[in-house]
Structure formats: C-alpha cells, structure tokens
Amino acid sequence: MFCLLVIVLLALQSEINAYNISPYPNSVLNFPELEGNRRSSYFGFSLVIREKSIMVAAPRANSSLEAQRNISEPGVIFRCYFESGNNCSPYNIDTKGNYKGMPNDGLLTAKNKDFRWLGGAMDGGTRDSDKFLVCAPRFYSINNENDYNNGMCYWLSDTPKNIDSTEVMEKWPLRIEKKQVLKLADTNLIPYYSMGELGLSAHVSDDNSKLLMGAPGIDQWKGSVHLKQEVPSIKTSSGRQRRGMNTNRKCNECNPEPKNFGQEEFSYFGYAVSSGYFDSSNLSTVLYVATAPRGNNQFGEAYIFDIYEDSIYKYHEFRGNHFGEYFGYSVLAEDLNGDGKTDVIISAPLYALRNSYDDGAIYVFINKGSFTFEERIIRSPAGSGGRFGTTLSRIGDINKDGYNDVAVGAPFAGNGSVFIYLGSENGLRDPPSQCLDAPSQQPSKYGSYMFGHGLSRGSDIDGNGFNDFAIGAPNAEAVYLYRAYPVVKIHAIIKPKLQNVNPEEERVNITVCYRLSSKSDSKAKALMEQELVIRIDIDTKSKIKLAVFDEEHGSQMSFKAKAFHEEICSEFQIEMDKRAKFTPIALEMQYELSKKIPNSGDFCEDCAVVDPAEPKFVTEYITFNTGCATDVCVADLKISCINASSTLVLGTTAVLRLTYNITNNGEFAYHPKFSVTNSAGLSLAQVPGNCKVNEAVMVCDLNHGQRMAKGDTDSLTISFDVRQLRGRSLEIQAEVLSARDESNPENNKLTNVLSLREKADIYVSGVQTNDHVVLKESPYTAEVVNYYEIKSHGPSTLENLTVSLYIPVAYKTPDSTNVKHIVTSSPKIQSKYAHKIMPINFIDQNNALANNFAIDHDQSTLLFSATPQHENVGNLSGIVEQNPSISLLNEDLPVNNTLVLNCQDTNVTLCVPVEIRLENGLQLKPEELMNMTVSFTVNLKDADDIWEYFVIQTDLKVHKIGDPTLSSFTIEKKIESNVICKHAEIAIWKIIVSVIVGILVFSAATYALYKRGFFKRAIKDDLKQLIRDSFEDGIIRTEMEENAQSQGDADLDEKLDAYADTTGKCTHV
C-alpha cells in the first residue's frame, strides 16, 4: 500500500516510476520449520547472496544440532539454492554446544550461546570464493557468575557446498579477563569488554583482505572496532609514506582503545562499519568508515579512518544535523558517480519531517577528492513511521549505465518497502527508480513483515547479465528473490530523402531506421531480438493537416517491427498539400518495446526494458526552398491600431471594437498569426472565423493561413464585451508573429491603454406620504412618513457608493446654548435595492447625539429611541456645509412665526446622519430604483410658542469612494420639506371670564340707551295707524264698487271722488 501511494507521487514527479527489477518477487524462500520455535526466528534478518545460492540468517531460530538442542535460540544460518526448488538447509557455522570453563592464560573460555543472535550481522562478496563473515553480537561468557556480553564472529575463506567445521575461524578478541571490568581511581567499576557486543556490525572488504567488526559497547559504550587484516606494504605513488601514518604500527589483529582516540561515552562507535577507497591521492589503499549514532551529543557522527595497533587515525568526520535522528544507524561505501572514488551514504532512520515521526532519511556524501565531500539529503518517500534507511545495500550497476546503484529499506512502512536509487554522474538520482512493496498487505502471525530489513547485495544469478537481489522479511520468516530484466537502448531516426524540397513537389519520401544496443555482455535472446511499436505523426501541432501518408492512414501511421543489433531501415511516402510547400513539416516518431514485463511474479525470459530516462521519440523536419535570401526567411511584420481611443466612459457601449492593420515589410512571413489579450480578462463579443480563444487569449491566422509576401497587408477587428468592465484602466496587448525570424521584433507588439471613466446622472426625490400635520391641541405630537427614491440614469454603473440621509432632530433657541428636540420618538428607516433589504449605519461624528438617542438597528431597520432633553449647544455640532440661502418652500408661510430646520444651517439645526453603503459587489445600475422609507414622530410640546409653523428639511447626499470631487456623477434633487402647523389652545378660565365680561358690558349699554329714549319709536305708531286707515278705506271702496255694478250706477266715479274728499284720501296711485 505504501509503495502504491509512493508510485503515484513519483509518477507525478517523473516518468521513472518502474524499471528493470521485477515488480513482484520471482521466488520465495520460506523458513524451514524447526522444533522449539515459539516466536519469529527472524529468518531473513540479514542476507549474503552468492552465485547460485543465498545465505540467510535466522538469529532467533533454534538449532537442530544435537549439541545445541538445549540451547535457546542460538540462531541458525541457512543456505538456500536457487536451482533446487529454493530448498533451504542449515549451514552449520558452529556445531558445538555451550562450554563451561575457567579462564585460561588470562582468557575467558566459557561459552554461552543462548540468545546469541548468530547472523545478527553478516557480510561477504557475491562469489563462493569470497570470504564469509557471520557474527553473534549477544554471545556471552560466564565467569564467577558474571555474564560478559563480548560478542563473537565466525569467518570462512570461502563457502563450499559442504562446510568443514575445522575451516571455520572464531573471532573472540574481547575475551581478555582483566579487561572485562576496569576499576577507576575512585574505586568505581566500569564495563570495558564485558558489554562490547562485537559483531553488531560486520564488513568484508572488496578485496577480501580485511574483516571489520563493530563493538559499540566497549569502554562504557564508547565503542570501537576490531580489524583482522593482511598487512600490505603501503606506499604512495611517489614512494613516500602517507601523511600521519606509521607502517611499523600496522597490525594483523587490531583492537583500538577508545581512550586513545578520545571517543565520547555512550556514543556507540562501531554501530555500522564499511570500507572503501576514499583517499584521492592513493586510490589503491583501503580506509574504513564507522558510525557513532549517539556521538556528537546525540546528533550522530561517523569517521573515515585507518587503524594502527591500539588507536585510529581520523581523516574525515561526518556529522548529523538533527538531534536524535540516529545518524549512523547504517552506512554504505560505494562509488556512485563512476569517478573511482568511494562515496558514502549514512542513514538516519529516526529523521522526522514536520508534523511526523520516524520518517527517515539518508545522507549522501559525494567524494570530491582530498577528503572533501558534497552533502545531500534524500528524505523518506515512505511516510511517517517507515524508518527509511534502516538498511542499505550495494546492488551494483543493475541497469548497466556505468553507475552503481543502491537499495534502501523502510521495513516499518506498513509491512515494509524497499526503494531502488540509481547512480549517475551527479550521484544518486532522486526520486527512486522503483519501489518494491511487501507482497502482502496483511500482517503475519508475528506482526508486520519488516520487509526490507534484510537486503542482499546484487548478483546475476540467472546469467542474463543484470544483477538480481533478495529482500528479507524477518517477521514473515521469508526471503523474496527479485530478478532483473535486461536493459536495452533503442536507436531510431527519421529523415526525409531530400533536403530543401522543391515547392512543387507533391510527394516526399522519408526513411525510418532503428536498432538495439546494450552494455551487457550477455548474448541472451532478449537483447538479440525485440519487437518495437513505432508510430509516426505528421505535423501533430498544426491545426491544419498539410501532409498525410494516404487516405487510409491520414497523418498518423503505426506499425510493429523487429529490431536487432544491426540497423534496419524502411521507406514511406508522404503526400503534400499545396499549402505546405513553403512551411516546414514536423515528423515525429515514437517508439517503445512491444512486449511489457508482466505485472506479476512470473519472470518473462525474453522480455527487456528501456531506461525511462532515455528519449522515447525523435523529431525531424521536411524543409522547403523558401524563396528568401537564406534558408531562413526574415520577415518584418508591423502592427498598428487605427481607431484606438485613450478614454472609455463605462456604460456608453456594450462592445469595444478595435481595428488592427498588419503589414509585412520584409521577406516571406510563414504562418503569420495575430494574438490579443487584455488586462481585465474580457471575453470576446465576436470571434472571427479565423481565430480561436483559449483562456482569454485570442489567436488568429493572418492572410487566410497563407504566407505574407513583402507589402502584403491584413486587418482584423476585435470586439470586446465591456458590459462588466470595471476599474481605472484597460490595457490591450496585441502581437503579430510568424514561424520564422523577425528583423524588427519591436514593432511586432502594440499596447493600447484606455483610461476608464464613470459617468452617471442621479435623480433623488423625496415626498411626505401621509397628510400634512396640523397640531391643535396637546400633546402636539404626530408621525411624519417620508419616502425617498434614488435612481441613476446612467450611462455608467456605479460602485462603492454611500447614500447619506440627514434628519433634523433638534434646534438651538436664539441667544441661548440650550437645545430643544422636536424628534423624540424612535425613527424607523428602511431601504431596499435590487430586491434586497439594505443595512443602515448610524453616523454620529462626535458621539454627542448618542447621549439623547438609544440606537437599536438590524440589517433592515434603524431605530433611534429619544427623550427630549435640554443640552448645552457647546457639546453639539451640525453638518458643516455652507449654503448661501434657505427658502421657505413654495407655500406662503409667515416669515416671523415660521422656523425652518435645515441641516446645512449649523447655527440653528442639529441633525442625525445615516448611511447606506453599496458594497460587496452591489452596484447602482442605470434605471434601477433604490428607495428609502423614513418615519419619525415630532413632538412640539416644548417648542417655543412664537413659532406657529415648523419646516423640517431632510437632505440626501451621495458619495463615492475614490471620487472626493464627485466627478463621476451629477445629482438632481427634488425633496419636499415637512411642514408642521401648531395652533395654540385657549384656556377654559379665559373663556368663562370673557363671557361674563361681555354680558356685563352688554347690559350696561342697553340700560343707558333705554334711559336716553333710544328704544321709543313714534314713527312706528304713525305707520301702523296709516296702514290701518288704508285697509279700512279699501274695504269701503270695494263695497261701493260692488254696489254700483249691481245697480248700474254711471256716476260711480263721482261718488268715489266725493267720498275721497270727505275722507281726505287718494283713490288712485
């Protein structure tokens, strides 16, 4: 699982995500069950691979030997042959049991082999003739009931099939009795050899002349090493003795004393050991490297050194960088870059990345000569807890590229993983070329596999010329063998038969050649013959296909072909389009091996692989006679814009059109193209047919895709959608280019910068929506409701606007500092725009008004709770704004008893300002209405009686962020004022007194007139008598006329006249 994740990550970083090691084990060696084992034997803990077999250590196994039946877990070495069904049998290095004996001649003789961990460390070359070194670091001797954990090693000069126990050599250099425990001057006893643990690490030099064993417990865990060697005559190339060295002090059996080279206590020097050719002035001399992971104050250290009798001479020191990372847990010496000098890899498996633990890392030190090293850290790709670098192994040059490769184990990454790193001219390549995961993700009965804790060297066990290697999984009691596939290199070329093809040619022949090579000496079939898959593409990057193979294949042809060591060539014919004869045509040939290695443990005997770092394609061009002075035409394209403006008023147009002219003043311009982009990422309102848009960049073919000769011109009109355009400026960049060189590239580009302006006409209106207020009686309160509208007539859309409303709430009395409040209720303000309730902000510049108004507002309504109070005017200030005059509305109001409250008159009026902000993308768009409803209660109870009319003039202003002069818009206002009429009420007592006084005055006047005879009316009596007499005469005359008519009296008139004379009255009027 870990490797699957790692491979995914590595695939993103590099094409090298698998290589020539089989991805799954090709065979498995399992622990031969022995009697008495109750826990894991750790079969596979350490490995030494040979030509046809592998030595496998099981340091916790019980022995089947009769002499060791009563010994608990002495450890067993197994030899497993690859050609005999992977059968494993004990390779009995030590056939004897425990021995109880007294010291002899000052040397311990008792041997206790219980839990001695035989095979805890092993080393040896890959040939059967190489020496073989096996150690048991927990071997101990008993003397006077004291256990001395000296450690013991065994070595053989070679590994014959049938081992002779007499040929096994024991190495027990720490058996000196008097050095087991030392007494200091203060009588304290310290362990010296008694906890030495010789063989915790083991190493056999490449020339088989030296055996180096680590003993990190010597002298209170200062640590040291033991060296068995054949002493050569060491001279430099000039015949002079090497600096700092005395050949007389060379030893066959060397036990350096830590006190002689100043080793730090508890530093564990000798924890890991190796050797190599580090001295660039003498590359024939072997020097040693050993680590002390708890040295350097637990930062860890390692030394390159030589040994002389009882001390060492240090040539170079390596130091860890992090406390507790266990720098020096493992060490590997190998020439990684092929320069002949041995490089060094030191692991730190407890190295932790941030927010992680025990990730692990390896420090790679590239030898630059004269004991100077270039350091590089490769951090774990295995994740937290994997302990990358627990084991390191030299696997040789597995891909035959001339550089040695290494394997790095991370046995605690799940069930364990192993990473393959390839050498190169610059050291190790990173990332790894391959990751091998434990075959199973399920834990064994003993827990996680610890796959990778055992790593063998590389050895070609199947004879195909490439090194194979084995991986041990101690907790699974198994060893997995991984074989390597041969690596071949594909050599392929593609080329036209003719150079500079004539423009009139309709067909062109091309030649394709290919062959295989390998640096391996093997003559295996996999190298001799491989099938290739070849694909040829014509002009893949061209949008217009200018050449094809034929109607059947089009511009792509694929085929399979056998490849050998010898080069094979084939010819193909390409049909040319007339448009292509002046344009170079790209031919790209891709190739790969047809047969892939199986994604399983089955090994394919006739398969091979190609180094993923090698190219997988080759490109060539068909070129034509250009008709120019040289093979390469030099054009001189020039671009200009004929209708560009320096200013754009936003909203005046939905589409911005720019027309560009392109002229060629040079030689032929092939594939002329025009591209345009803009700083605002505007989309195109229209895309011409010869253009394509990709991520706001439009690219167009000029001259219908044909070449442009000298003097040719073309033009394009580009239409940008500017409906959503915002900002202060717009930069439009246009460029023309061709497939060939340009003589004057400066005029190929043109940048137009347009200054963006906003312009809008805003209309503001306000009216009172309820009836005019007339207050006739106490408490002289009434609600006033105003409605306001704000509308922009454009053309621009405005943003970052603030609408401010000013409401008069109080006034100052003349010649006084007192303030009288006329708005004492809780004004409610609600605003809507674009179907949204707008938030209201109360602004009190000096907090003075807040003393009188308790504020309670939410997203939709603003409330001011007020109580009328008299305040000192010194604490208040109005809106500072000059206004030359204040009119009294359209109504004819008396000036002397009318009070006008206007927020611009700061000497009289005190106002409450509120704000509505259009922010967070909200914009005032043309013809979209914004409204505001304001209601408040006026209270004129405490107003001065001299005022009969109160005029409240609210004001509304608009501001824009970044436009202090309001140059981007104009405002027309029509806001009606609120007029409140107050008629004073007459007191009852005044009415009663007035009535009584009136009655008294009336009575007195009447009596006076009576006394003066005003009420005597003589003329009235005469008129009554006259009326009465007239009425009586009328009756008499009527009777007389009636009588005369009845008697026919002709003298009636005379009788009437006579009657009139007697009465003295008129008979006619």
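The backbone N, Cα and C atoms fix where each Cβ goes, glycine too.
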Listed as N-linked glycosylation site by Swiss-Prot, one of Asn62, Asn87:
Asn62
If you check Swiss-Prot, which of Asn20, Asn509 turns up marked as N-linked glycosylation site?
Asn509
Compare 184-237, 255-310, 437-499 by their Cβ pairs under 8 Å to the repeat 'FG-GAP 6' (375-430) and return the stretch that comes out on top.
437-499
Segment confidence, the repeat 'FG-GAP 6' (375-430), expressed as mean pLDDT:
95
Secondary structure content of the repeat 'FG-GAP 7' (437-499), with strand meaning DSSP E or B:
3 helix, 28 strand, 32 coil
